[in-house]
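What TrEMBL records for this protein:
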type: BINDING; residues: 287, 291; note: Zn(2+) binding site
type: DOMAIN; residues: 1-185; note: domain 'CAAX prenyl protease 1 N-terminal'
type: DOMAIN; residues: 188-306; note: domain 'Peptidase M48'
type: TRANSMEM; residues: 83-104; note: transmembrane segment
type: TRANSMEM; residues: 131-149; note: transmembrane segment
type: TRANSMEM; residues: 156-176; note: transmembrane segment
C-alpha cells in the first residue's frame, strides 16, 4: 500500500471525472505521511511491549501496586483493590508513553496537511478529560468483573462473558447520549431540505430514524464523518459539522464563540466555507446506512462476542491445567 502511495502520482482513470490532480496529490501525500507514522508508531509499540515482558515490567508494576494499596490500608487479601491500582498505573503509563506520538500526529502530520484545529492547551485538557472519564468507567467495570471471576467457581468464564456482553451493549447504548456530550456539543439538525432528504433515505430502507444531530467536531479537526447509533426502533444519526456546508462551526464569525473552548480554538478556525453539498452528505450517510442494511453491526457484535467467549474458555482451560500441574 505504501508503494502505491509513493508511485501513483497521477489521478487513476476511474477517478478522472470526479477528482482533480491537486486534490488527489494532497490526499496521496497525506496518506503517505500517515503510513510512515503508522509504521514507526506500530514498531515502537511492539518494541515497548517486548521490553516490558523481557524486563519484568508487569511483575514490577504488580508489586508496586501492592505497596501502594498496602500503604492505603489494604493488605494482600484485597486482591481486587491491588488489581485496580495496577490497572490505573498501567493505563497511566500507556497514556504517558503514547503522548509524544499523539502530539506528533496532531501537531505535525495533521497540522501539515491542514486538518488540525486544536491548540496545545485544548489538546491537553481534552486528553486529561478522556483519561479521567475512561478511569471512571474502566475501574468500576473491572472491579465487578474481577469479583465475578472470584466467586464464579468452575463456570466463571461463562459469567464473565455474559457480564462483558451486557457492559458492551450498555456502553453502546449510553455512549452518544451521556459520554460523548462530555467532550463535544450535539445539536439537532435544523429543519430544512437536508433533514428531509435524510429522513427520506432512511425511510426508503426502513431505517427506524428518530433524531438527527450535528456534533461540533470542528474544534478538533476538519475531517468529516457521520455515524448512527441506537438499538431496535430508536436509532439516531450524527453528522460532523465539518461535513455540512451550511452549519459548520468553521463558517461562524469569531464573535459567535459560545464558551472558553471555542475562544481557545477559534484562532485555528478559518472563516471560510467548508463542507459538502447535500447530495455529497447523503452519499457519505448512505455508506454508513449500508452497514446497517447489510447487518454489519449485528454481525460484528456476534463475531466479537464469540471471540470473547472462546478466549475465556481458553483461559478457563489454562487455569485448570496450571492448577492440576
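One is the number of the first residue shown, and numbering goes on along the chain from there.
For all residues, glycine too, the Cβ spot is worked out from N, Cα and C.
Per-residue pLDDT, averaged along the domain 'CAAX prenyl protease 1 N-terminal' (1-185), amounts to 91 for this model. Ranking the binding-site residues 287, 291 by how many Cβ atoms sit within 10 Å of each one's Cβ puts 291 at the top.
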